[in-house]
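Under the heading transmembrane segment, TrEMBL lists 111-131, 197-216, 222-241, 340-360, 380-402, 423-446, 466-490, 502-525, 549-568.
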Amino acid sequence: MAEDDLSTKAAVAEENDVYTKDGTVDFRGNPAKRNATGTWKACPFILGNECCERLAYYGMSSNLVIYFKTQLNQTSAAAAKNNSNWSGTCYLTPLLGAFLADAYLGRYKTIASFSIIYVIGMTLLTMSASVPGMKPTCVSKDVCHANGGQTAATFIALYLIALGTGGIKPCVSSYGADQFDDDDEVEKKHKGSFFNWFYFSINVGAMIASSVLVWIQENVGWEWGFGVPAVAMAIAVLSFFSGTRLYRNQKPGGSPLTRIIQVIVASIRNYKLKVPEDKSLLYETADAESSIQGSRKLDHTNEFRFFDKAAVVVQGDQIKDSKSPWRLSTVTQVEELKSIIRLLPIWATGIIFAAVYSQMSNFFVLQGTLMDIRVGHSSFEIPAASLSIFDTLSVIFWVPIYDRIIVPAARKYTGHKNGLTTLQRMGIGLFISIFSMVCAAVLELIRLRSVRQNNYYTRDHMPMSVFWQVPQYFLIGAAEVFTFIGQLEFFYDQAPDAMRSLCSALSLSTVALGNYFNSILVTIVTKTTKKNGNPGWIPNNLNYGHLDYFFWLLAVLSVLNLGVYLFIAKWYTYKKTVGTLH
């Protein structure tokens, strides 16, 4: 799409909205406009965009570890590490996209701009697998060699995609939630359902990717296997722009990092001052609305009281011109920082879960390639990476059950409008994820025992069906519905209004750090266990290793992580906006 078209559509999107002083959409003077935009009317275009974008992403990434190993001629450990590092980057770049969205561009322009980068990356990746001279040289289907330039082209394309996804991931879910008004109880009730169906749309795309597209990559060719996702991404962009006139938009509130630093600096400057017992004496604007665009006022909380010093008014501050934001902050600005600090411990407990989740695109796939990949007794073979479809089916199974059965049943018992709090929901997911690793470890233990008893070490596929992996995939899918969707909703709800994209990116960064953690763990385990001629836990031929020990290690780490999470969740204080009751 041409830049002029992009600018025009962005301008139209901004013209769609009437803003209050704080930057939020105000429909009080125009009820007809309110009824014509937002809510579920706008969501199909956002959900369609997400479904196609995820189809593109998973269609390209689900089997990427196999592409590294067979087409770029990398070892199992190197392929797993490169895959983890790239996947991690895809979930780290959202911090950049979120900052630009919250501070300068707004969510609409950020999604639109980064989508173009994404399409360019997908196009280049397709060319690197199809254009002679750019694609690896193969002597047979799975025996290929790539020179330095060909490998570089692949990774440039992949990291362009990582950059492109950085502007989409943190903004799309928040942008969808923006279509529901927090001040309207009817619309607010639908917001929780939106997150469930948003994740449902992700997995519809993922299901098509892990079945059809992986089969195309394995049986038709990588040029088509990457080309179809590129087309899907183009469709995602068209879907997003098609809903332009229906979207509700929120003005960016300025740099959130600047506001955070201002509070820290002001607190340090005022470290000698005593915080008054009467919190109404702390500095806040007299207006009913916050001075921060796109943000409601926040009530004072008693944690982290050192930062309250930033809002202590001294005599010189009564002079209007002397109210420097580097010396005096509003209570809302201080509470923004406190909200972020409170989120960080919850955020940290998501890293181990993300490391467990990353096994689906790493060692679950490598484990499956050594098993019998035939369907029944037929000659039809299913790619090992396609087993991730059972994770997707699990999500598609559990989302409506959670939304239509568990929530109403839990609501009667707990009295909470969403049945379970988001913290309870995430905790259940962390608990379920433990059993996924236990299943994977037990399966590998049984598989290796059969290898040793029957001397299957050098066989490409042992006579043990790959469908024994289904339980571990299904359990991870169930854990996702509780933890990842709960995390999306929690970080959106608990984020300061003008930092929602940034906090969505923060929640996504746990996936990045989980992938990096997995990469580091693989490196440590490989170096520690591969000594004195010992092949170690993760050799190139996993039949000689002990991948089961690695899965048991992750299971133990998950148990410890759950214990830490329960302690932190009990301590957590929910955000409270001025004028609301919790």
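The backbone N, Cα and C atoms fix where each Cβ goes, and this holds for glycine too.
Keep in mind that TrEMBL annotations are predicted by a computer and have not been checked by a curator.
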| remark: Ranking 222-241, 380-402, 549-568 by Cβ pairs under 8 Å to the transmembrane segment (466-490) puts first 380-402
| query | Does the transmembrane segment (380-402) make contact with the transmembrane segment (111-131) through 3 or more Cβ pairs under 8 Å, each pair 6 or more apart in sequence? | reply | no
| query | Do the transmembrane segment (111-131) and the transmembrane segment (222-241) come together with 3 or more C-beta pairs under 8 Å, pairs six or more apart in sequence? | reply | yes
| field | Spatial neighbours of the transmembrane segment (423-446) far in sequence, C-beta under 8 Å, 6+ residues away | value | 346, 349, 353, 356-357, 359, 363-364, 367, 464, 468-469, 471-472, 475-476, 478-487, 490, 547-549, 551-552, 554-555, 558-559, 561-562, 565-566, 569, 572
| field | Residue numbers, six or more beyond the limits of the transmembrane segment (340-360), whose CB comes under 8 Å of its CB atoms | value | 84, 87, 91, 260, 303-304, 388, 391, 423, 426, 429-430, 433, 436-437, 440, 473, 476, 479-480, 483-484, 487, 490-491, 494-496, 499, 503, 506-507, 509-515, 517-518, 521, 551, 554, 557-558, 561, 564-565, 568-569, 572-573, 575
| field | Surrounding residues of the transmembrane segment (197-216) on its own chain - C-beta under 8 Å, 6+ positions past either end | value | 43, 46-48, 50-59, 62-63, 172-173, 176, 224-225, 228-229, 232, 382-383, 385-389, 391-393, 395-396, 399-400, 403, 480-481, 484-485, 488
